[in-house]
Amino acid sequence: MKYDNLLDRFIKYVKVNTRSDPDSETTPSTESQEAFALTILKPEMEAIGLQDVHYNPVNGYLIGTLPANNPTLTRKIGFIAHMDTADFNAENVNPQIIDNYQGEDITLGSSNYKLDPKAFPNLNNYIGQTLITTDGTTLLGADDKSGIAEIMTAIEFLTSQPQIEHCDIKVAFGPDEEIGVGADKFEVADFEVDFAYTMDGGPLGELQYETFSAAALEVTFLGRNVHPGTAKDQMINALQLAIDFHEKLPAKERPEYTDGYQGFYHLTGLTGTVEEARASYIIRDFEEASFEARKVKVENIAQSMNAQLGTKRVLVELNDQYYNMKKVIEKDMTAIELAKEVMEELTIKPVIEPIRGGTDGSKISFMGIPTPNIFAGGENMHGRFEFVSLQTMERAVDVIIGLVCKA
């Protein structure tokens, strides 16, 4: 094993339930994230040689510093990963380790689930490697505990090899990325770097500086309930209004029909009765004009329906969540060019594609710190079929070390 503690560190992290809670109003959204930061990560950061390790209870970030040991390396580089996991069972994570994978089906514990290369052809990219999977009852949490483990392992390597020269390094582990609010309270003044990287990507080589622009849409439908036996010309069914609204959106502009640079409308929740219904959507696009046009479209649909109904029964609430960080990063591509150069020197082919999602870097970039995203290794994230390759994680550690030594 290239880095002795990487696997054990990762296994230790994923066994801690740090699932975030979208309905919480606290920061972090769950107590387990703060406990993870204070009882596991903070002591370990101090033990491996990070300095000024401190936890900010206001924003939930745990930050540490490794000062440069060569004054000619003047850049300051940050590395960021998130502590929370996605909206899937994270209690009693029991990882499986598959050594020397040879393309077979992988039975997930004693569950009835398996990782089948026919269903998941990405498995064929990992022949001969060590895979870490779930037992079929939980997610794994490689998103983003692989990133945390990689950053920690890189720091440990550097402090154990003081002859290796590196620049100033800042490390930040934050909360609630999966529910879209993790970076809302991020303190730039507490993270003085020239640029940073989130270690939150997927397969080997991913290097990303384009994200969706994102908005949350809540639509409330106000009906009028009367006895169905005498409902003619009187009843207004709020659930039917919700159906009508949804059908006015472009049918092919949904996640299941889009890829690449295509945006979408995604219905994530629908609840209600005849009297009142509520639909929750997320809106995503890459280009600013297209993003704004999508928001205008839903407003226009609501206005048209209200005009037809003769009163305001379709109420729209739109909230922007984050924006495409390309707008910031393309002004100075130093972080991207450096990462490309380091990867190529390590014989890793950079895979530069848009993220069909967002990272904490989306918001942090607009706060003044360009923060692209680098691969951390996770595959099939956010569910029971999640897995990660140990060899990909090792290569991510290589990249982190390469970046700070080349700065």
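Every residue, even glycine, has its Cβ placed from backbone N, Cα and C.
Matching Asp23, Asp194, Asp200 to the Zn(2+) 1 binding residues that Swiss-Prot gives (His82, Asp143) identifies Asp200. Comparing Cβ neighbour counts within 10 Å across the binding-site residues His82, His382, the minimum falls on His382. The recorded positions near His382 (Zn(2+) 2 binding site), taking a 10 angstroms Cα-Cα threshold over the set Asp84, Asp143, Glu177, Asp200, are Asp143. When the Cα atoms are compared, Asp84 (active site) and Glu178 (Zn(2+) 2 binding site) turn out to be 7 Å apart. For the pair Glu178 (Zn(2+) 2 binding site) and Asp200 (Zn(2+) 1 binding site), the C-alpha distance works out to 11 angstrom. For Asp143 (Zn(2+) 1 binding site), the same-chain residues 6+ apart in sequence whose C-beta sits under 8 angstroms from its C-beta are Thr85, Ala86, Glu178, Asp200, Ala376, Gly378, Met381, His382, Glu386. The DSSP secondary structure for Asp84 (active site) is coil. Excluding Asp143, Glu178, His382 themselves, the residues of that chain whose CB lies within 8 A of the CB mean position for the Zn(2+) 2 site are, in sequence, Thr85, Ala86, Asp87, Phe88, Leu139, Asp144, Met381.
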